[in-house]
Amino acid sequence: MDAEGLALLLPPVTLAALVDSWLREDCPGLNYAALVSGAGPSQAVLWAKSPGVLAGQPFFDAIFTQLNCQVSWFLPEGSKLVPVARVAEVRGPAHSLLLGERVALNMLARCSGIASAATAAVEAARGAGWTGHVAGTRKTTPGFRLVEKYGLLVGGAASHRYDLGGLVMVKDNHVVAAGGVEKAVRAARQAADFALKVEVECSSLQEAVQAAEAGADLVLLDNFKPKELHPTAAALKAQFPSVAVEASGGITLDNLPQFCGPHIDVISMGMLTQAAPALDFSLKLFAKEAAPVPKIHWS
């Protein structure tokens, strides 16, 4: 999927409301620093100071559009960043540029970090010769899910279900509450009707078979070690070839290739949104004559 076209997925009204909430959070009252900067026309350069994948342009644009500023990009969405890279230029009233600066940088750093981790995961899977889906999870930051799911897509990973309404997932607690796997799956199947798929979290081959027999579309083999995962998935597929198998739990960029196998359809990784390091960006105002390159401070 073309990274630049992913902006079409973002509803404009939702995007504007999200950006408005971020700006209100950062400046809910008086902005005293605006009296220091003034409202004169200014320009600033966005610099990337760490390597990774650029992601978050639609959100960055929306932030500065709300503040009556204009953004010009020098690199497209999904670009591989080699520091120090001149990424974009922002023009507008000085106080508006500075009002949006930290909000925009926070968002871009997190979104690009997630896209970078997702890219690394997909590349590791493809390097292992596996052609299934690398996916995120619902382990996202409250209030920031749209950005994080978008970052996954820019990185080439699947976003998985966006919310509880995207898929009927029967977890271990649902099974306990319902009184068993079969009862839980039957109830989920009835709730899903024809419009949604049903996925069931299983901790053994026995549970996986019960879930498949009851009508599950997908089986999540959670927290399996690779040596247990692959024979379990093979045995399940031998009986139910149309049931998709997802592996999850404890999967990192380092051990990901161990979970790739011919009977695994999806590998979901919570760390893509929970543990992806943020990239380092800076936004520097400059005089019309020159845009100085920022220094990188290596730790």
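Placed from the backbone N, Cα and C atoms, the Cβ positions cover glycine too.
Per TrEMBL, the features are:
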| type | residues | note |
| --- | --- | --- |
| BINDING | R102, T137, R138, K139, R161, K171, E201, D222, S248, G249, G250, M269, G270, M271 | substrate binding site |
| DOMAIN | 41-112 | domain 'Quinolinate phosphoribosyl transferase N-terminal' |
| DOMAIN | 114-284 | domain 'Quinolinate phosphoribosyl transferase C-terminal' |
| SIGNAL | 1-16 | signal peptide |
Winner by Cβ contact number (other Cβ atoms within 10 Å) across the binding-site residues R138, E201, G270: E201
Pairwise Cα distance maximum in Å, substrate-binding residues per record: R102, T137, R138, K139, R161, K171, E201, D222, S248, G249, G250, M269, G270, M271: 40
Local confidence of the prediction over the domain 'Quinolinate phosphoribosyl transferase N-terminal' (41-112), expressed as mean pLDDT: 98
Listed in sequence order, residues with CB under 8 A of S248 (substrate binding site) and six or more positions away: T137, L220, L221, D222, N223, I267, S268, M269, G270
Secondary structure content, the domain 'Quinolinate phosphoribosyl transferase N-terminal' (41-112) (per DSSP, counts of residues): 29 helix, 25 strand, 18 coil
Nonlocal neighbours by CB distance (under 8 Å) for G250 (substrate binding site), same chain, sequence gap 6 or more: N223
